[in-house]
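Peer 1: Could you have a look at this structure, given as structure tokens, before my questions?
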Amino acid sequence: FFISFLLLYLTSLLGNGAIVTVVISEPRLHTPMYFFLGNLSCLDIFYSTVTVPKMLAGFLFGHQPISLGGCLAQLHFFHFLGSTEAVLLATMAYDRYVAICNPLRYALVMSPQTCLLLAVASWSTGFVHALMHSVMTSQLSFCGHNRIHHFFCDIKPLLNLACGTTSVSMTLLNVVTTSMALGPFTLIVLSYFYIISFLFYKVRSQEGRWKPFSTCASHLTIVALFYVPVLCNYAPPSSGGFPKRDVQVSLMYSAVTPALNSLVYTLRNQEVRSAVKKRLGRKL
């Protein structure tokens, strides 16, 4: 397990780090789509770093102690980065919608100022969402056993350790977190509904339909990798239990997905592949 997740973590760091580097250094990648991709890669680096190093230490040395403050910090940054990624994926879907359905107005609609505003809004939304959970969880009393049956400090296992009523935190989990997952997902579905409708009704040739949609293939793959496990964990209303299945699902989007995201964009995207080869060629 240690070797497997170490390789996944290194893949995430190196792959996403390479994407951030080429997006910054390559002038032809200074477009809205790659600006958001650079933000996504930064998120994935931080996202996996929040949980995986502590988990790797657990594989080597057994149960790992963590202070209450450290636990709350881990919970905050995990939900901060995860929520930001959910909103950012919806922003990327909107970018593809404008590029395909309104190509003549694309440069005007997705101006640098608009892109920066959308990125700041994504990060800010994630921060506020995580802050609500951090503040509510910090108000709980922990007076019983203190062993978390998870590889990081998430809301559900912490609620199981709390003494007294946890109804407010459970309501916050069920309403706010579910909305945070389903809201951006709904926007993504709507964006691609309009994209598919536009290509089907407005574009006559088969090649003309496939070429624009092929640019969305990487994004759709990442949406599936991220949202399938997240919706399994957080969309169903929680009654306070925490099955072992949740740990396995959490491993998917916290450790596996960040590594796969970089591979999806470097293997499927010709421009990114060319930029990476160009940078490696210069260094060699």
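Quick reminder: no glycine exception, Cβ is built from N, Cα and C everywhere.
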Peer 1: Quick test of your reading of TrEMBL: among 159-176, 213-230, where does it put transmembrane segment?
Peer 2: 213-230
Peer 1: From 52-69, 250-267, which range did TrEMBL mark with transmembrane segment?
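Peer 2: Based on what TrEMBL states, transmembrane segment spans 250-267.
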Peer 1: In the same chain, who gets a Cβ under 8 Å from the transmembrane segment (6-24) while lying at least 6 residues past its ends?
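Peer 2: Here the qualifying positions are 30, 34-35, 37-38, 41-42, 44-45, 48, 52-53, 56, 255-256, 258-259, 261-263, 265-266, 272, 275-276, 278-279.
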Peer 1: Please report, as numbers and ranges, the same-chain residues at least 6 past the borders of the transmembrane segment (73-94) whose CB is under 8 Å from any CB of it.
Peer 2: 33, 36-37, 39-40, 43-44, 46-47, 50-51, 54, 66, 118-119, 121-123, 125-127, 129-131, 133-134, 137, 152-155, 158, 177, 180-181, 183-185, 187-188, 191-192, 219, 222-223, 226-227, 230, 253-254
Peer 1: Across the whole of the domain 'G-protein coupled receptors family 1 profile' (15-265), what does the mean pLDDT come to? Round it, please.
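Peer 2: Residues in the domain 'G-protein coupled receptors family 1 profile' (15-265) carry a mean pLDDT of 85 in this prediction.
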